[in-house]
């Protein structure tokens, strides 16, 4: 494998040229280092706000930014980084990351521990002719079927009908989602925002991400994105309370206690719809978000459900001649025929015995009858002589 990229070590990570021929360009402020790893992947909060539209709803912009995480099968973080688009060559970050012989291809080829790729993008991936992001992602996953991909985005890119490529992008998203469970597509919302802020954004005061994570406008936009991606991919999203599922063990308990005291926390399902009349700065900490299935969860079977246990026995293998020998009697005749003949002989002997007994009984009865008749005749003769 001859890599297309060049990587340089820095004090807090690495910087990568996705294509070795890139050079400093006046048309692109990020050239030539569009991929950054480690702590080099952090961006200022102002840039994050303008790119991802957080904490307010998104608005049209041309910059593409993708954060990524590479994790092992147990969920341990192997590498984190970011990729930015190139305005000079009109290349999207997903196209750079999933390029054949590109940066991710080389990493996974040399490190078999990487099993999960998680992307956090401000735009959903597209498949337009100048970028082919989804096509490259699809081919990448075909080469690494043991690797899963989870894509989270803050807004859909060119899927509305007013864009000429909308139908093509929707069909490409549907095809990528068909690789489920290897691939999941979800809107960023709830606790995922908090995770991104803590991992990839710099210049945030302590406790801001937990106490003031959402606004009503951001909440409605996240729900709309989840609904739209569900309609496009026809894959039903699953929701959970992300603030609890994403809570880290070393999180400051006082910060979480402050968030739990908010009036909108732990609301009932009937109260999930936010009140638009409230202050836009009110944190919507009750937001339900798609659950990220990394690291994979192995659910044990229910103890109440019976399990079918199949035991395989090794039977004795006999040759055909031995099988025939076992089936025959010592006299060399088939067992079934010999038993049938013995049974018929016994029945004939029993019949002969019964016949002889019946004949003897018949003769005895006949002799008794004859004696009785003779006696009766003698009695009749005596009576007739007396009457004369």
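In case you wondered, yes, glycine gets a Cβ from its N, Cα and C as well.
Swiss-Prot has this to say about the protein:
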{"type": "DOMAIN", "residues": "60-176", "note": "domain 'CMP/dCMP-type deaminase'"}
{"type": "BINDING", "residues": "92, 126, 133", "note": "Zn(2+) binding site"}
{"type": "ACT_SITE", "residues": "94", "note": "active site, proton donor"}
{"type": "REGION", "residues": "322-356", "note": "region 'Disordered'"}
Other CB atoms within 10 A, centred on residue 94 (active site, proton donor): 28
Zn(2+) site shell beyond 92, 126, 133, criterion: Cβ within 8 Å of Cβ centroid: 64, 94, 95, 123, 125, 127, 128, 131, 132, 134, 157
Inter-residue Cα distance where the pair is the residue listed as 'active site, proton donor' and residue 133 (Zn(2+) binding site), in Å: 6
Model confidence over the domain 'CMP/dCMP-type deaminase' (60-176), averaged pLDDT: 92
Residue 126 (Zn(2+) binding site): tally of other CB atoms within 10 A of its CB: 26
Secondary structure at residue 126 (Zn(2+) binding site), reduced by DSSP to three states: coil
Other CB atoms within 10 A, centred on residue 133 (Zn(2+) binding site): 28
Structural state of residue 94 (active site, proton donor), classified by DSSP into three states: helix
Residues satisfying Cβ distance under 8 Å from residue 92 (Zn(2+) binding site), sequence separation of at least 6: 64, 85, 125, 126, 131, 133
Secondary structure tally of the domain 'CMP/dCMP-type deaminase' (60-176) (DSSP, helix then strand then coil): 35 helix, 29 strand, 53 coil
